[in-house]
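Over in Swiss-Prot, the protein carries these features:
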{"type": "BINDING", "residues": "Gly16, Cys17, Thr18, Ala19, Val20, Gly21, Lys22, Thr23", "note": "ATP binding site"}
{"type": "BINDING", "residues": "Thr18, Ala19, Val20, Gly21, Lys22, Thr23", "note": "substrate binding site"}
{"type": "REGION", "residues": "41-44", "note": "region 'Interaction with substrate tRNA'"}
{"type": "SITE", "residues": "Ser107", "note": "site 'Interaction with substrate tRNA'"}
Amino acid sequence: MNAASTDKPRLRVLAGCTAVGKTEWALRWAEAHNAEIVSCDSLLFYRGMDIGTAKPTAGELARVPHHLVDVCDVREAMNIAGYVAAARRALTEIAARGREALVVGGSGFYLKAFFGPVADDVEVSAAVRAEVAALTPAAAVERLRQLNPPGLGALDTANPRRVVRALERCLASGRTLAELSAAFARQPGPFADWDARLTVLDRDPVELNQRIAARVAAMLAAGLVDEVKRLLPAGLKENPSAARAIGYREVIDLLEGRLPAASLAAEIEKNTRALVKKQRTWFRTQLPDHRRVDAAVLRDAGGLFDF
């Protein structure tokens, strides 16, 4: 966790897994503290992805100013660099208005950016990308080993995407993985100018599973299938991150004949539970020390943060 600092603007970050209840508690806290909300949900960026993302309703958005919601067409993929730039702009503008900022979301990699570096400064040329792309997976691993005589450390060589990324950066920088890792650790995070503190909202797993089931039923009743039908001609499948999102990918499978209608709700529930498990692990292992709050026993939004 960032050390407390009196010369940095305070930044509160509220994280939590899917269906835990972040939206309502964030709204209550923001209303009580004259704050504005900066979304840290990788799917709320996209216009039209409303039902399947449990996007705040028009009424909820009207209660508190929100940032980074509905900022991209569905075919325009957001990435970490774009998110960081947009979030920094939003935070700077909020501070200039003399208001508090509350970052809210469950997208682990984006959340991590508020507490440390998430991207290195290595620029990979098109020529290097083409050179690596021409290699078979086995050849890529072998080339990477040649460039790293001390070894590959904890790199998962069975993951082609990670091997490609590592090899591209070694070739582009002329450095070993160990050297790149050491340089990365010395980088300041993109939000080092803020004193960020984290609270993770959680619930008992049995209760959370019940909320997931209710949420899926409500989404289907609200017209999730029709939402996906509208988004497909708008370019949903051109954006893999959006098309693979839980709720959307299952409906796509339904519409393309790979999933029977009778199995739709159960499939979305199953995949949501798996996502929640991954989110919990990420929050525990990848985010800094934080305060954990049980949403089921929380009575006042003031109890979310201790500073």
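Note that the numbers count up from 1, one per residue, in the order the chain is shown.
Even glycines carry a Cβ here, placed using N, Cα and C.
Features per Swiss-Prot, on structure.
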residue : record                                 : DSSP class
Gly16   : ATP binding site                       : strand
Gly21   : ATP binding site                       : coil
Ser107  : site 'Interaction with substrate tRNA' : coil
For this session: Express the distance between the Cα positions of Thr23 (ATP binding site) and Ser107 (site 'Interaction with substrate tRNA') as a whole number of Å.
Result: 14
Seminar exercise, completed: Around the recorded ATP site (Gly16, Cys17, Thr18, Ala19, Val20, Gly21, Lys22, Thr23), other residues with Cβ within 8 Å of the Cβ centre, ordered by sequence, are Gly106, Leu201, Ala295
Problem set entry | For the region 'Interaction with substrate tRNA' (41-44), residues assigned helix / strand / coil by DSSP | 0 helix, 0 strand, 4 coil
Seminar exercise, completed: The number of other Cβ atoms within 10 Å of the Cβ of Lys22 (ATP binding site), counted over all protein chains shown, is 22
For this session: Starting from the Cβ centroid of Thr18, Ala19, Val20, Gly21, Lys22, Thr23, which together make up the recorded substrate site, report each further residue of the same chain whose Cβ lies within 8 Å of that point, ordered by sequence.
Result: Gly16, Cys17, Ala54, Gly106, Leu201, Arg211, Ala295
